[in-house]
């Protein structure tokens, strides 16, 4: 039994790392040097399945400990909305969000979770954590 299908999936996500999205803006952390956590949730995230073209729905959770900069939420909302019509696998999306947030604010700690609605009887949760060395 063949378990992978490179002819079906290879190359479908090559554009994701360089995908042009709105800038995630930031502001100065006036409590730099104090460790505190900022958590926020995107309860109505939508993108498109690159395989089927059907919409994917889920919740995106972000938790971070800032250093010098904090995420400006209106710009993050615009960033998240830019994925609405993008065909992206769950795993690629969580990693792309993680890398874009690291580039924007260089946090001490960051966790991104993509908790997707069940499709075809399968629920997907993708988690990535980052700790600054």
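Note: Cβ is positioned from N, Cα and C throughout, glycine not excepted.
According to Swiss-Prot, the active site, thioimide intermediate annotation covers 49, on the basis of sequence analysis. Per Swiss-Prot, active site, proton donor is recorded for 56. According to Swiss-Prot, the feature substrate binding site maps to 71, 72, 73, 90, 91, an assignment based on sequence analysis.
Mapped onto this structure are the features recorded in Swiss-Prot.
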residue	record	Cβ neighbours (10 Å)
49	active site, thioimide intermediate	15
56	active site, proton donor	22
71	substrate binding site	21
72	substrate binding site	15
73	substrate binding site	12
90	substrate binding site	17
91	substrate binding site	14
Seminar exercise, completed: Listed in sequence order, the recorded positions within 10 angstroms (C-alpha to C-alpha) of residue 49 (active site, thioimide intermediate) out of 56, 71, 72, 90 are 56, 90
For this session: Could you find out if DSSP has residue 56 (active site, proton donor) as helix, strand or coil?
Result: strand
Seminar exercise, completed: According to DSSP, residue 71 (substrate binding site) sits in strand
Exercise. What is the separation, in Å, between the Cα atoms of residue 91 (substrate binding site) and the residue listed as 'active site, proton donor'?
Worked result: 13
Exercise. If you measure the residue listed as 'active site, proton donor' to residue 90 (substrate binding site) at Cα, how many Å is it?
Worked result: 9
Problem set entry | Residues 71, 72, 73, 90, 91 [recorded substrate binders]: greatest CA to CA distance in Å | 24
